[in-house]
Amino acid sequence: MKKKYPCYNNPDSTCLSDYFFWDIEDCAASMKGHAYICKRPYDDISCVYGKGHQYLGKASVAASGKPCLPWNHTAVAYPLLVNDCTNGRDELRCSEHLEFFSKTQGHRLTGYEVEKWLNTPAKTCALRCKEAKFTCRSFSHKTSENLCLLSDNNVGSTGALEATSGFDYYEMIDLSVDCTGLFVCNNKKCINQTQVCDGKNDCKDRSDENSCDPAKLDYEIRLSGSENEYEGRVEVKIMGVWGQVCDDNFGMLDAEVICRELGFELGALELRLGGFFGNMDPSTRFMVDQLTCRGNETSLRECDFDGWGVHNCSPEETAGVVCKTAVETCPEGNWKCDTSPVCIPTPFICDEVVDCPDSSDESPAHCDAPFEIRLANGSSPSEGRVEIRHHGVWGTVCDDDFTHAAAKDESNRVVTEVNINDILPSNCGKRAEDFHNEEEIFAKVVRGSVAPKDSYPWQASIRVRGHSRSNHWCGAVVISPLHVLTAAHCLEGYNKGTYFVRAGDYNTEITEGTEADANIEDYYIHEEFRKGHRMNNDIALVLLKGRGIPLGEHIMPICLPPRNVEYPDGLNCTISGFGSIETGKSAHSRDLRFGWIPLIDQNICRADYVYGEGAISDGMMCAGYLNEGVDACDGDSGGPLACHHNGKFF
């Protein structure tokens, strides 16, 4: 059987082709190189449905006879409104798709991008949105780069439309939010009318809260729990009901706004958290939680919070403030700014942080002033009250432990040195039972675990006396019956008599019979605290009154490390304390908690991706996990970092 077919080497001519059966080679493969008639089963090329993007068949010849693009090729499977065919037939009778979208020039919906497409024209971006696997409600497009950003939200649901040069915003008309009967925020977000004036920033630009009439809310604010009008527990009234303000995330900016709203134009002096001024009736609710002010508001109502009466706070989490007042003289332990009627705690002078409105607390006149000594109110130049001048401020010398030797002239001054080993107990760094084992030491403990009783006998707590009860303030560590160590910054803000030390405590809400309290005789802050760095040399030695804290089975001192000791990187050490177990929450844990953490190379901590070069000084050390987990920052200021060495904890 003979038949003419186009010649393989010359398609414009015809050649005779014999009829053959191919049994060794694949017919389809052979026909690509030879003009033979091949008898074989027909190809099942399957069918094309819809736009063909699901097609997986074998048909692969175009009308021109040229090979087709694979059916799963992006340009074929997803029509891009680009002329892939030389004759342009693939784009004929196609919709422009932009007709289904409304356009806002020079704007972009920020923070809600789901998909990003590069090298995509606007009309193709519209098609991408229509055929997306998620519910695409809008897209933002940058013409200069053909950048396409698809979103599952729009202006009415988010209010996140921002003026952005080079971008245009397109919103699918059929999926736009119908704002009929809703409150339209200034940023075009639509919310229910019931969400207006509820205290919560539902609009995200506070336009639903800024125009609320205080009279309709029956809004009032006051300070309670103190005899002084300038300090107290913050209370708010809404719709005739008084409630408290929770101290979660409560800071100085919040206190500034509250004090100014109450008429104290100088703002806030100090915070008083943790129920310092006591609580209202136990049945009283919290009215405000997670308060966040920028500092420029005129009322607490203008700040962000979770909504009136929405909270997750316990009774001891009430917030209190001390407002600045115009005074002629300052109370004990405070210093008056040079040209403004403001008092600040004395330790705030020359601490490299401006606290006075006139910046006088950091002026060279005080910070560079020489140390001086004089005798005052004596009957002769050789007698009188001893006064010293420090940071330009004159003050008297307390007579505690003041001896004849201390009174001698500076040129003949007698200095008595005491070897620290003579006052520290020899039995230290041990526990009643061995609570740790290898498996526990090398385990990563997330957020810490509740400490077994007597497992941390050196743990102490610096507590602050309130009007009705005391509250945990900072952690500390027992080193002898008369001495504890803590963080220097923990001893700022209150007078010495406000603090006391408690040891042997494992649950702050239960009397366990192992607790011991001691008042503070004096404390000694590191001479170079904050020198060169805000928290550098952050350590203080506290001397206890009387016999101090009795040592025994439940209270044992920790060992101080030998001079120049070096601990290897990666050594697992333990932290303990009553610190918050949730980031951003100021309420302390009622249970003593602990965790094991490794020491970290200082060079790693100084890396840019961790703390940076200037954040870690030679007076600091790093410990914890870089990939989250328990660490000293989530623990307790002033609490111990104890490392096990040669059978003892140091």
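Cβ atoms are placed via backbone N, Cα and C, with glycine included.
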What is the disulfide partner of Cys293 among Cys303, Cys313, as given in TrEMBL?
Cys303
Among the candidates Cys185, Cys190, Cys212, the one bonded to Cys197 through a disulphide according to TrEMBL is Cys212
TrEMBL annotation, disulfide partner among Cys179, Cys185 for Cys203:
Cys185
Cβ-Cβ distance under 8 Å to Cys185 (disulfide bond), same chain, at least six residues away
Gly159, Ile191, Asp202, Cys203, Lys204, Asp205, Ser207, Asp208
Would you kindly give the Cα-Cα distance separating Cys303 (disulfide bond) and Cys212 (disulfide bond), rounded to the nearest Å?
13
Rank the disulfide-bonded residues Cys197, Cys203, Cys212 by the number of other Cβ atoms within 10 Å of each Cβ, and give the residue at the low end.
Cys212
Between Cys303 (disulfide bond) and Cys197 (disulfide bond), find the distance joining the two CA atoms and give it rounded to the nearest Å.
12
Write down the Cα-Cα distance for Cys293 (disulfide bond) and Cys197 (disulfide bond), rounded and given in Å.
17
Restricting attention to the domain 'SRCR' (373-419), give the mean pLDDT.
65
With DSSP as the reference, give the number of residues of the domain 'Apple' (94-174) in helix, strand and coil.
18 helix, 36 strand, 27 coil
Within its own chain, what residues at least 6 apart in sequence put their Cβ under 8 Å from the Cβ of Cys293 (disulfide bond), listed in sequence order?
Leu253, Asp254, Glu256, Val257, Leu300, Glu302, Cys303, Asp304
